[in-house]
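Here is the structure we will look at, set down as C-alpha cells.
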Amino acid sequence: MKAVIFAYHDMGCQGVQAVLDAGYEIAAIFTHADNPAENTFFGSVSRLAAELGIPVYAPDNVNHPIWVDRIAELAPDIIFSFYYRNLLSEEILHLAPAGAFNLHGSLLPAYRGRAPLNWVLVNGESETGVTLHRMVKRADAGEIVASQRVAIAQDDVALTLHHKLCQAARQLLNSILPTMKCGDIPSVPQRESDATYYGRRRPEDGLIDWHKPVSTVHNLVRAVAAPWPGAFSYNGSQKFTIWSSRICPDAQGALPGSVISVSPLRVACADGALEIITGQAGDGITVQGSQLAQTLGLVAGARLNRPPATSGKRRIRVLILGVNGFIGNHLTERLLNEENYEVYGMDIGSNAISRFLLHPRFHFVEGDISIHSEWIEYHVKKCDVVLPLVAIATPIEYTRNPLRVFELDFEENLRIIRYCVKYRKRVVFPSTSEVYGMCTDASFDEDKSNLIVGPVNKPRWIYSVSKQLLDRVIWAYGEKEGLRFTLFRPFNWMGPRLDSLNAARIGSSRAITQLILNLVEGTPIKLIDGGQQKRCFTDIRDGIEALFRIIVNDGDRCDGKIINIGNPDNEASIQELATLLLDSFDKHPLRCHFPPFAGFQVVESRSYYGKGYQDVAHRKPSIDNARRCLDWEPSIAMRDTVEETLDFFLRSVDIAERAS
C-alpha cells in the first residue's frame, strides 16, 4: 500500500518509522522548514526522510493547486498526518482511496485543537492519550480508528509527558497499521457532546496569576517547563521564569504574590504556597530557588507579579465608524475591557453607547460620515486600526433605496479605504455573508466559493455587489499598494441591541427583531415564502471575540485574509427560529404583559419586500480560516442567544404604558 505522509516533530519521526515498519511504501513526505525563532529540541523529519532515501518537501502552502496536482500524481492509497501543523484541504484528503488519517495527541473528542499536551497539564488532568482518526474538513472531528491511554503522573512535566505520548503513539501505530494495510479500518464516530476545543498557546500565556489556587499555578509551571518557554512572573520590572516547583499547603495567611520565605523560596497563592525549586532571572542561567531569590533581591514580604510599567507605551488606537451600531457598540465594550486599547468613534446617534460616554479611553463625536470627512481623515491618520462599520444592511432597504445603499455602502466607504491607503493604516473591513449570494456550495469558503448574484433587474443584490466590489478594491490595494487589511464576513449575528423595535415597526430590521415585534404587539408572525430559508445564527459574543482577535492580529496571521465569522452548528430555518422564539416567549416571566400569540402567516416575498427581491435558500459558512488564523471556535448555542435577545427587547418595552 502506497502512502503519502505529512509529518513534523518527534511524533512525525515516530509515525514515519512506524509506517515503514508496517510494510507500507512511502511515496513522499511533506514537512515544515524549521523556524529559527523556535526551540527545535525535537527530531527532524526532513533529516530522517533524507537518510531513508524518501523524497521530502516543505512547501509554504501544501494546499496550493500545484502541490495538490503533484500529490495526485503520486497516486497514494492512503494518507497519514503525524503532527503536521497545517490543515489539509478537502482536495488532498480525497486523493487517497483508503482515506486520510491523523495522529492527535489527546483522547478525542476531548482536547481537539492545538497544544493538547500543554493544555492537559494546565488543567491538571490525570490521563490523556493519543488518537488516530480519519481526517475530515473539520479539524480533529473525524471517526476514531484507534486510541491509547496515557497516565499523567503528578511529577510529569511537558517534556516527560511528551516522551510518554511518543512511546504510546509508536505502540498504537505498531498495532493498528498492519490491520489498516489489510483494508480493515475501524471507525467509531466521535461523541460531539463530549468534544472540547483548545486554541494555540503563546509564550505570554505563561504569566503567573498568584491569585489563582496553588495547584493551578503549579500546573502552569509543569505545562510550559523547558524546553517550552516557561511560566514567569515579575519582581518590579525584572522578569523571572520558574522551571520547577512544588505545592506547599500553608500560605501562612500571606497575600497572594507575597514572598513567604527565600530559603526555600516560597510564594503565597490563593490557597497555599508555591515553592520554587529552580528558576531563571531574565536571560540568565537556571539556578535553585534560594539563589534565584538572592539574584532578584527578594526578601520575605516582597510582592511579586508586578509587570513592568507601561506608561511609556502608547495604547493602540482603534477608529470605529458606526460605533453606535450593533457590532460597533459590542466591540467597543470588548476593547475597553483591555487596558491597551483606546477607542475613537463616530455615529449619528449614541443611545447604544451611552454607557461608555464617560469612559476615559472612549472618545465619541456625533456625526455623519457623508459630511464629516475632515474629522474622519484626521482620525484615520491618528489611529492604528480602522473599522468602517457604517452600512445599510437590512434587506427591505435594498429594494426601497438601492441608490442610497450604493452611495453609503460603497462610495462613502471607498473614501475611507483610500484614507487608509494614503496614511498606511490597517483596515478591518466588514464584508458580508451576502456576497456569496446564491452560491450552491454546501458551506461557503472565503477563498474558493463562487459569488453568485441574480440579474440586474433584481435590486435586492445592490448590497451584495457593493460589498463585493469594495472587497475586490481593498484586495487590489493590498496587492498593489501594500494596504494592510482583513475582511470579515459575519453570518447572522444576533444578541442584545440588535436593531430596535421602532426600526422593526417600519420594516427596517433584521429577522429576529421583526419576529419579536410581532410577539410584543400580538400581530401574526410573517413567514416570508414559508420561512424555509436556512441561516446559521451566531451569538454576538462569539462574533465579537473573533473580531477582537482579528484586531489583535497575533503574529500578523490575519493580514490579507478573508475570514467568515459564523456558527455552522446553529443552522436553522426562519420558521424554526420563529418557533424557538415563540417557545422562549411563552416561558418568559414577562409573558403575561403581552397579547396572545396571533399565529403564523405565510406571505410572498414580493408582497413584503417589493418588486426586485430574491431570497437565498441557505447560507452556511466554512470557518476553517477563523480556526486557523484566530484559534477561534463558536461555543454559544442558538437557544441561549435567542433567549437573551428576547429578554433584552421585552425588558425594553414600557410595560406600564402598555398596560394603560
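Every residue gets a Cβ built from N, Cα and C, even glycine.
Features of the protein shown, as given by Swiss-Prot:
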type	residues	note
REGION	1-304	region 'Formyltransferase ArnAFT'
SITE	N102	site 'Transition state stabilizer'
ACT_SITE	H104	active site, proton donor
BINDING	R114, V136, K137, R138, A139, D140	(6R)-10-formyltetrahydrofolate binding site
SITE	D140	site 'Raises pKa of active site His'
REGION	314-660	region 'Dehydrogenase ArnADH'
BINDING	D347, D368, I369	NAD(+) binding site
BINDING	A393, Y398, 432-433, R460, N492, 526-535, Y613	UDP-alpha-D-glucuronate binding site
ACT_SITE	E434	active site, proton acceptor
ACT_SITE	R619	active site, proton donor
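DSSP assigns R138 ((6R)-10-formyltetrahydrofolate binding site) to coil in the three-state reduction, outside any helix or strand. In this structure, E434 (active site, proton acceptor) is part of a helix by DSSP.
Each residue contributes its Cα atom, and for Q532 (UDP-alpha-D-glucuronate binding site) and H104 (active site, proton donor) those atoms are 39 Å apart.
Across the structure, D529 (UDP-alpha-D-glucuronate binding site) and K137 ((6R)-10-formyltetrahydrofolate binding site) place their CA atoms 33 angstrom apart. According to DSSP, N102 (site 'Transition state stabilizer') sits within a strand segment. If you count neighbouring Cβ atoms within 10 Å for each of the binding-site residues D140, D347, D529, the highest count belongs to D347.
Put simply, of the recorded positions K137, D347, I369, K526, R619, the one whose Cα is nearest the Cα of E434 (active site, proton acceptor) is R619. Put simply, H104 (active site, proton donor) is 9 Å from R114 ((6R)-10-formyltetrahydrofolate binding site) when counted between their Cα atoms. When the recorded positions H104, K526 are compared by the number of other C-beta atoms lying within 10 angstroms of their own C-beta, K526 comes out lowest. Note on R114 ((6R)-10-formyltetrahydrofolate binding site): other Cβ atoms within 10 Å of its Cβ, all shown chains, come to 19. Long-range Cβ contacts of R138 ((6R)-10-formyltetrahydrofolate binding site) within its own chain (separation 6+, distance under 8 Å): D624. Checking the recorded positions (A139, D347, D368, R619) against S433 (UDP-alpha-D-glucuronate binding site) with a 10 Å Cα-Cα cut-off leaves R619. Between N102 (site 'Transition state stabilizer') and A393 (UDP-alpha-D-glucuronate binding site), the C-alpha separation comes to 42 Å.
There are 26 other Cβ atoms within 10 Å of the Cβ belonging to N102 (site 'Transition state stabilizer').
Nearest to R535 (UDP-alpha-D-glucuronate binding site) in space, judged by Cα atoms and limited to the recorded positions K137, D368, R619, is R619.
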